[in-house]
Amino acid sequence: MKPLDPRLLRHARAARGYVVLTAVFGVLTAALVVAQALLIAAVLAPAIQGDLTTLGAAGTSVGLLVLVVTLRSAASWAQERFAVRAAARTIAELRESVVAHAVRLGPRRLAGGEGADVATLTTRGLDALEPYFVRYLPQLLLAVTVTPATLLVVLGLDWVSAAVIAGTIPLVPIFMILVGQMTAGTSERRLVVVQQLGNQVLDLLTGLPTLRAYGRERGPRARVRALGDANRRATMGTLRIAFLSGMVLELLTTLAVALVAVGIGLRLVHGDVITLEAGLAVLILAPEVYLPLRQVGAQFHASTDGLAAADRAFAVLDEPVPPRGTTPAPDLRGAIIRFDGLTVRAGDRATDAPAGLDAQVTCDGRVVALVGPSGSGKSTTALTMLGLHPADAGAVTVTGAGSDGPVDVSDLEPESWWRQITWLPQRPLVGPGTILDIARGATDASDDDVAEAARATGLDAVVRDLPDGWASAVGRAGAGLSVGQRQRLALTAALLDRSTPLVVLDEPTAHLDARGEEGVLAALATLREQGRTVVVIAHRTAVVALADDVVHVSAKAHA
């Protein structure tokens, strides 16, 4: 990635204003650096020479020097303050853009560990952009403002010193490029390790209930520890290169400043054409010429992790989004949803799941169960029907009551289609808010209606066990509730929101005991009584027995 990638300015509006503001601060800092050096030289030169006739002017110079130093400190403070704010806004914008784009790409793009990669990228990965904005980018802009400005002033004061500085400056970026190439590769490897660790942890958390059920929760410990050690080694490798690069740049610039100082000293001793005041000003300005370049090199390692993460973010954002349908969805009441030879290729194995599914769902207030062995494609069938997953062969069509003919789900305008459907995955995301607010949602259901729906789903028993009852707070993504409790809460909300004629449930009894299963069965019966059609992915026989229609889903290995 370039030191200042145009894609960053394109995808994050907060970065644009910050770059302009930082450039303004760079110009101001360059002027203050030059003024500070000239004022210090004007104060020290008469004092060293013992010239008492200029004491009055020296007092004025001291006052101006104090003002310049104060302004320089204030500019540095303001720049860092704006940098922290801009970094937070830019990271938030990029994170929102990546997540939104990943959602538009669909579940297939996020399958096979890609979802965990995006999760790691949008959390720890993009957080590494803060050092880039706060420390690296300001120094980069100072290098293109302060360094040329101070070099021009040195040229006006002493062309010999300017020639020495101009001859040694190219060595700094050369060493920076060499060190940067080494560091960039290390940072890429570190980000890969972090993403692998994130994938492993996410898989572990997802499968933890199953592992605990079989007493195998300690099994992945060694693998997680090994990935943690790999992360530590990659991080320490980056730091070793960073410290080495800092030492090389410090040594190089120190020797260059020493050459300038020796040259000025020899010419002053031999009475060359250079005044003491000019020599002092050059000596003060010489380190300032190299300082931004040194800081760029020193801060480069702090920015490489962020730059690598930004590259990954741009790779996600640059992926083309599948075309969205534009046909308004028909009214689902009385509609017919047909699966015609639906085939979806599993991305992580040589299997079609489902394979050649032919079925029909009539939306007239019935319960339809999708059954089949694990891995047969039941959840994929539901996602394809929802328009969240593309079909590799066959189609899912909808024929509305009184419509001219069937319409492929992929051609439907998503919002008008999803507005008529309630979708409850195995791990529903609810909250934040109180249990009462989440259950009621956007409906005008009364307290009696909420209580009746809660009795049907078994949520009333959950509420009784909570210290604050219906006023109990639920965190983001259902924090504070178990998976089974979240399912009961989501089912209650589905019962109260009667605006959607189709309800799709993915194994609603998977995390429930026998009592919880009874609540789900009662909720399914209530939904049917409301005249709403329920498509439920089922494993338990009680759910299948309740269904009016049963659709068998199967997979097929590739030949």
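Placement of Cβ uses the backbone N, Cα and C atoms for every residue, glycine included.
Listed in TrEMBL:
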type	residues	note
DOMAIN	20-305	domain 'ABC transmembrane type-1'
DOMAIN	337-559	domain 'ABC transporter'
TRANSMEM	20-48	transmembrane segment
TRANSMEM	54-75	transmembrane segment
TRANSMEM	133-153	transmembrane segment
TRANSMEM	159-180	transmembrane segment
TRANSMEM	241-268	transmembrane segment
Cβ-Cβ under 8 Å with the transmembrane segment (159-180): same-chain residues at least 6 beyond its ends: 147, 151, 241, 244-245, 248-249, 252-253, 255-256, 259-260, 263-264, 267, 282, 286, 289-290, 293-294, 296-297, 300, 304
Within the domain 'ABC transporter' (337-559) only, compute the mean pLDDT. 85
Can you work out which residues elsewhere in the same chain, 6+ from the ends of the transmembrane segment (133-153), have a Cβ less than 8 Å from its Cβ atoms? 3-4, 15, 18-19, 22-23, 25-27, 29-31, 33-34, 37-38, 79-80, 83-84, 86-87, 90, 162, 165-166, 169, 281, 285, 288-293, 295-296, 299-300, 302-303
